[in-house]
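> This is the feature table in TrEMBL:
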- 37-156: domain 'Lipocalin-like' (DOMAIN)
- 163-255: domain 'DUF5018' (DOMAIN)
- 263-517: domain 'Putative carbohydrate metabolism' (DOMAIN)
- 1-23: signal peptide (SIGNAL)
């Protein structure tokens, strides 16, 4: 009897175990991705290339959603990823999710077709979500010819989905007797203008205190109630950040006034790698930084645009120096062409932006900022010393190949230009890859795209030992129409033919006290 009971209990135990095992296989644990992981995140994205810090993007957005490829898998999307060049969108699907103490971890890897010259690259994702906090590491392995390891770190928080995306200046008030017309907000163009009495002097304009109201739950920098300097035509740049991280920039200035640039204020870029003058100016420093970062064995010297204590007035001016960046031949890989590293790189200072274009380096200089008056003249002070040995580059495509030209002495150059654009945007809202949408003039077409130019003035000079004051008057070939949109640029170069990669290393142009006089 006991023996039969033993066999019976053993059979029951085996049967129970069998059913339990089947139940474990059939009922896979499903993580609550839709409720605890999926959604939008906003935070700071720091990028490192081969151990070199490339900078941090604030208010970067990342989206996580349930993947269609598996139960415990997510799809991760990062829009407008940028390092050295604008990579575009990073989308990795799937990433596998697992539970960890206090939250979830996820990881995935996928080969993605990125913009040229990056090509097809393995992209890896690993991260954690704990409560509303998220940490992600993104790895991009770039193959030949760049051969770089890119690491991006994202630290942020989850959005609830109810955050406001509105980032607007609602009102901008200046309670001051010298103000004859209160600020007018042009939302489309991102500008705020006001008018002051003709009797107003610099002391009246240098400490004006605005009262600013922005969208609900948005923040503005600089803050409302902080004194600002609008003297000498200065423009004050404001950034409004919405609750969900959306940003909007505004430029505030006195309508119909002259623009004055003393170059006393500089900004640090690329994590302190170099500085540039504030106030809408850009330089060729970014291009040289790219060479130093990607090709340190070719050139790892100084930057072409720096502060100069040899100022006409104030503490500093701007020194532009033509560099010997050694030169290296480009490469044609069939699917991509890497341009040559030039032997001669001129110092360039201009109103506009520098946006690295690896395919055509002259396209990197985007000349001109939005302008809302009719410029009449440009005044500036300068001094100039040419370099000792002039090099001519016969073919700009082969920028590394130059010949010494003992019969030519270098000259500096200055150009002022106003040109028409159909819209302010520089990126096609319907197709980010539509390069033809961007109508800004560049180093490749500034002097050839005459259809857009309505007025221009040019100046060049050889040796000038002491400071000399110059006034350039713009020559209008077409009528100025206040209903149209225009961009205005001033371009200083330490080598007149620097856009052709010709010049004398060591040529030095020092500039100070730039003033733009416009019609009121």
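A Cβ is built for glycine as well, from the same backbone N, Cα and C atoms used for every other residue.
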> List the helix, strand and coil residue totals of the domain 'DUF5018' (163-255) as derived from DSSP.
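Looking at the domain 'DUF5018' (163-255) with DSSP, the answer is 7 helix, 44 strand, 42 coil.
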> On average, what pLDDT score does this prediction assign to the domain 'Putative carbohydrate metabolism' (263-517)?
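Taking every residue of the domain 'Putative carbohydrate metabolism' (263-517) together, the mean pLDDT is 91.
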> Quick check on the domain 'Lipocalin-like' (37-156): DSSP residue counts for helix, strand, coil, in that order please.
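Split by secondary structure, the domain 'Lipocalin-like' (37-156) comes out as 0 helix, 94 strand, 26 coil.
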